[in-house]
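According to TrEMBL, the protein carries these features:
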- 95-113: transmembrane segment (TRANSMEM)
- 149-165: transmembrane segment (TRANSMEM)
- 171-198: transmembrane segment (TRANSMEM)
- 210-230: transmembrane segment (TRANSMEM)
- 269-289: transmembrane segment (TRANSMEM)
- 301-327: transmembrane segment (TRANSMEM)
- 363-386: transmembrane segment (TRANSMEM)
Amino acid sequence: MALFIRGRRAELLAASAMTAYLFLCPFSKVEESFNLQATHDLLVLGVRNVSQFDHLEFPGVVPRTFMGSLVVAAVSHPIIWTISTLGGPKIWMQLATRWVLGMMTLGALVFFSDGIEMRFGRETSRFHMLICSCQFHLLFYMTRTLPNVYALGLVLLGLGFWLRGKWQRCVFLFTFTTVVFRGDTVVLLAPLVLSMLLSRRVSLYRMIRWGLLTAVLSLIATVLVDSYFWQRWLWPEGEVLWFNVVQNNSSEWGVSPPLWYFTSALPRALQATALLIPLGLSTLVPALFQSRSLADIASSFMATSLADWSVVSVAWPVFIYLALYSFLPHKELRFIFNAIPILNMVSSVGLAKLYRNRRKTRFAFVGALSCLALTFLGTMFFLAAAQSNYPGGEAFTYLHQVAESERGIPRSVHIDVTAAMTGVSRFGEEFPAWRYSKDESLTTVKQLATFDYVLTAKDPASLEEVFEYVADFHAFSGIQIAGYRIAFQTRKLISLMRNRKVAFGQA
């Protein structure tokens, strides 16, 4: 355990885990498609060829900002240039851009963790990174081009400044994130601002002045940048808020019970490390673990306060945030990414308390380490399931492998909605001579017959008149428990079909 307290070993562990998730699950889902396609177009087409960008043909339900994609594309450019010069496959470019995003977000997490060190000590900071490394969802999603992930990096920087007492920078980052990336960031900003005001170290007037100035500058920046790329005047996040909040259209994507975040999302994200949260919030519970007699227990109740106010004073905003968010009917785990690092901070405080008194709390400390071990096992389970979630990407990659001899022959490929939603991206379009179509209006056999290859979720039997079966690809559908055995269940989702008029390697 002492190994993780020295140097930056815990950070290296987190970076290694994040990178492993990226390479084991190299494809993306539909929620990530806008920013991923935008990054591709910025790198491959350049900012002057906006008319050829993917988002103008497939705009999605609501517009999104290009601000995050611009930064990732700019930072990734040297790596992309190297891959292109060496003749590497385009999918490497997708991995490179996602890795850059992940490292930027991880850097923000390290900054937040260093703030924990200033507040609670080095052991707590190291344990925070260790807990994050054992969990699955936080590091897995760091390389995902979701608006929530772009927001997460800025929120972590803001929380780092908050722990350091640099509140002006905290308000600046949170306000910028709210205006540009995720309007719901204000749900966490509000209790944070309240905690700052309750400290009486800053006035309400100064807080409003900081927020308004930042909001105006952020609004000008996003409107100017995004209006250019969308070819019309707009404020992307404003349209998102109008669609989801004013028109309440978010409910169309599903409604969850009020306590869903506490009964489903957080137990999956935190796993067994959630059991350490009471240790972090309490002074009494760790003291009871040190007791060796009834007299010691009685003394602990008499002399020790129930709550550890040094922790509660910085943790209560996240519980307000979760409570407020629970009122929204449509719920997803990615909506509360901002809460996970703070809850892990509380868990790390509890683990550090046991570590400092491990000679007196040996069994409790071993139990805490067991929580980490169980969480790691759960992470392996989640990872195995996640690898089966991208049949479209697997089919697209396989197509380019089996048709390598046709690289220079003009071919046409149709990608249906399901395939596009489960891993296909423009980074996978390896052959310049080929034409790729995602036209959703082409659904009949007669319409599809004009294509050489088809990636489809249709029953292959319905296309046999024109196409021949090449391969099928499965997606995770659940788990099956039989006795002491746990098995993953999959179902066929995507089929790769080749037009019967096409012969491999022939024009």
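Any Cβ shown, glycine's included, is placed from N, Cα and C.
Proximity of distant same-chain residues to the transmembrane segment (363-386), defined by a Cβ-Cβ separation under 8 Å and at least 6 residues beyond the stretch ends, is recorded for 1, 21, 24-25, 130-131, 134-137, 140, 268, 270-273, 275-276, 279, 286, 289, 350-351, 354-355, 476, 479, 488. If one looks beyond the transmembrane segment (210-230) by at least 6 residues along the same chain, the residues whose Cβ comes under 8 Å of a Cβ in the stretch are 38, 50, 53, 55-56, 63, 65-67, 70, 168, 171-172, 175-176, 178-180, 236-237. Sequence-distant contacts of the transmembrane segment (269-289) (same chain, at least 6 residues past either end, Cβ-Cβ under 8 Å): 131, 134-138, 297, 300-301, 304-308, 311-312, 315, 333, 340, 343-351, 353-354, 357, 360-361, 364, 368, 370-372, 374-375, 378-379.
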